[in-house]
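As recorded in TrEMBL, the features of this protein are as follows:
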{"type": "SIGNAL", "residues": "1-20", "note": "signal peptide"}
{"type": "DISULFID", "residues": "Cys30-Cys45", "note": "disulfide bond"}
{"type": "DOMAIN", "residues": "59-209", "note": "domain 'Cupin type-1'"}
{"type": "BINDING", "residues": "Asn104, His109, Glu114", "note": "oxalate binding site"}
{"type": "BINDING", "residues": "His107, His109, Glu114, His155", "note": "Mn(2+) binding site"}
Amino acid sequence: MASHLLFLGLIMISCSIALASDSSPLQDFCVADSNGAVQVNGLACKDPKLVQATDFFFSGLNMIGNTSNAVGSRVTPVTVAQIPGLNTLGISMARVDYALWGINPPHTHPRATEIFTVLEGTIQVGFITSNPENRLFSKVLQTGDVFVFPEGLVHFQRNVGNCNAVAIVGLSSQNPGVITVANAVFGAKPDIPDDLLAKAFQVEVKVVDQIQSKF
């Protein structure tokens with residue numbers, strides 16, 4: 001596990017230097033004030049005199065995520081919501097656990113580039129470029145391999161090994177956001193009209209209705 005933590009540290013350093021997409025901080029730190037009434041692009045700063053070491057701390061990435069769900073994966077995020085001290089620092093991370101043949105379904109991070117490292121297992125990854133090419137870049141990764149998903153592009157992962165898999169990701173935003181394609185399209189509230197989706201996907205309306213019922 002020590003080697004995993006060292007690896008993780010190197011990832012986070014490289015992300016903070018090379019990949020940060022949020023605005024640069026103008027002071028040493030700006031710990032998020034979750035109770036602040038001021039609305040800003042990000043989060044208001046906590047009084048520096050009230051800041052403690054715990055504002056820069058998170059514990060739990062050693063814990064295996066519960067993958068007993070429809071997609072067979074679990075993301076454990078470490079963003080500004082978990083570490084208030086990440087506010088204005090332009091970086092976050094996550095642990096992703098995969099059951100056998102579990103997937104992290106096609107999704108985007110609208111505010112972040114992602115650097116993805118396999119800690120255990122064999123994981124197929126890929127991303128798709130924007131219209132009109134919609135070109136797929138895909139590769140099977142082994143333990144220790146690293147792959148980058150460019151900011152805003154749809155990407156995915158799938159465990160293709162013979163055991164559970166684990167990955168650590170670094171993200172170039174304190175709040176990268178996640179838009180899971182299937183959930184956004186078929187799980188929107190209120191629903192996107194089924195006849196519109198039927199025309200977009202070139203299927204019958206009843207097929208759309210069936211898929212929407214799962215979300």
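Any Cβ shown, glycine's included, is placed from N, Cα and C.
Positions of TrEMBL features highlighted on the structure.
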| residue | record | Cβ within 10 Å |
| --- | --- | --- |
| Cys30 | disulfide bond | 22 |
| Cys45 | disulfide bond | 20 |
| Asn104 | oxalate binding site | 25 |
| His107 | Mn(2+) binding site | 19 |
| His109 | oxalate binding site | 24 |
| Glu114 | oxalate binding site | 24 |
| His155 | Mn(2+) binding site | 22 |
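The CA atom of His155 (Mn(2+) binding site) is located 9 Å away from the CA atom of Asn104 (oxalate binding site). Between Asn104 (oxalate binding site) and Cys30 (disulfide bond), the C-alpha separation comes to 32 Å. A distance of 12 Å separates the Cα atom of His107 (Mn(2+) binding site) from that of Glu114 (oxalate binding site). Counting only the Cα atoms, the space from Glu114 (oxalate binding site) to Cys30 (disulfide bond) is about 23 angstrom.
Other residues of the chain with a Cβ within 8 Å of the Cβ centroid of His107, His109, Glu114, His155, the Mn(2+) site, are Thr108, Ala112, Phe127, Phe149, Leu153, Val154, Pro176, Val178. Taking CA atoms as the reference points, Cys45 (disulfide bond) and His109 (oxalate binding site) are 25 Å apart.
One way to see the shell of the oxalate site is to take the Cβ centroid of Asn104, His109, Glu114; the remaining same-chain residues with a Cβ within 8 Å of it are Ala94, His107, Thr108, Ala112, Phe116, Phe149, His155, Val169, Leu171, Pro176, Val178. Between the alpha carbons (Cα) of Cys30 (disulfide bond) and His109 (oxalate binding site) lies a span of roughly 23 Å. The average pLDDT the prediction assigns to the domain 'Cupin type-1' (59-209) is 97.
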